[in-house]
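Pulled from Swiss-Prot:
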type	residues	note
BINDING	THR17, GLU18, GLY19, VAL20, GLY21, ARG40, ARG41, ASP66, PHE67, SER240	NADP(+) binding site
SITE	SER143	site 'Transition state stabilizer'
ACT_SITE	TYR156	active site, proton acceptor
SITE	LYS160	site 'Lowers pKa of active site Tyr'
Amino acid sequence: MTLREKYGEWGIILGATEGVGKAFCERLAKEGMNVVMVGRREEKLKELGEELKNTYEIDYKVVKADFSLPDATDKIFAATENLDMGFMAYVACLHSFGKIQDTPWEKHEAMINVNVVTFMKCFYHYMKIFAAQDRGAVINVSSMTGISSSPWNGQYGAGKAFILKMTEAVACETEKTNVDVEVITLGTTLTPSLLSNLPGGPQGEAVMKTAQTPEEVVDEAFEKLGKELSVISGERNKASVHDWKANHTEDDYIRYMGSFYQE
């Protein structure tokens, strides 16, 4: 059974332009679902939409939206109002490196909107639809920083922790329904952003050896959908979390994560 047959005609990817979001779009289209692609780079999304339409004979919509704005969801919800919605993935994120007091409040507010407020509005909106029709699926994307916290990148980790715990709770609430909900927690992933900032030498080589591709992440997410509520992506990441929780204190884990960003 394809995703379209199981969940409905349309899926929405929030943060669809590249990386994991793009891989979600490709997976939906491959399984016959029409795709609503939401992001800031409208032309790039249209190019992706045409590529998917020509390859998989699906339909698409592009919604240009800035997730950091308080009214970001207005045009998103309007664009999907009359569609047979069956899937949602929230991939969008925003972070800023530095100590809390050294980051301008405007940046903090933007991160709260992207990582918490807009996420929650979208999750609430589409869950109401899926629950009412007793059909649909949600996969939200968290990060290892949401498990450990992320010193010098604190708001990002806190936002990902909110996505992680909120989605886990809703996933449990929907277990005995026909709505499948899952959160997938990512480690290092080979997105265009990572590749453009990859350090040279042994450090960069080490990252390349452990990182997953967006396609690997999305494949695992769908493999576990309807079977597990909360997934840590990749065997290395699963083993790492297990080791730290079994053999180290929470303080050790926090300081370890902080060592990656400490100024």
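Counting begins at 1 with the first residue displayed.
A Cβ is built for glycine as well, from the same backbone N, Cα and C atoms used for every other residue.
Quick caveat, the model's predicted, so the values are computed rather than measured.
Among the recorded positions GLY19, ARG41, SER143, the ones whose Cα sits within 10 Å of the Cα of TYR156 (active site, proton acceptor) are SER143. If you take the Cα of GLY21 (NADP(+) binding site) and the Cα of SER143 (site 'Transition state stabilizer'), they are about 14 angstrom apart, rounded to a whole number. Fewest Cβ neighbours within 10 Å among the binding-site residues GLY19, GLY21: this applies to GLY19. Of all the Cβ atoms in the protein chains shown, 20 others lie within 10 Å of the Cβ of THR17 (NADP(+) binding site). In the three-state DSSP scheme, SER143 (site 'Transition state stabilizer') falls into the strand class. Spatial neighbours are here defined as Cα atoms within 10 angstroms of one another, and by that definition the neighbours of SER143 (site 'Transition state stabilizer') among the recorded positions THR17, GLY19, ARG41, LYS160 are LYS160.
Across the structure, ARG41 (NADP(+) binding site) and LYS160 (site 'Lowers pKa of active site Tyr') place their CA atoms 23 angstrom apart.
In sequence order, LEU14, GLY15, ALA92, LEU94, ASN113, VAL114, THR118 are the residues near PHE67 (NADP(+) binding site), counting only same-chain partners six or more apart with C-beta under 8 A. A simple way to gauge crowding: the CB of SER143 (site 'Transition state stabilizer') has 25 other CB atoms within 10 angstroms, across all the protein chains here. Of the listed recorded positions, namely ARG41, LYS160, the sparsest CB environment within 10 A is found at ARG41. There are 23 other Cβ atoms within 10 Å of the Cβ belonging to TYR156 (active site, proton acceptor).
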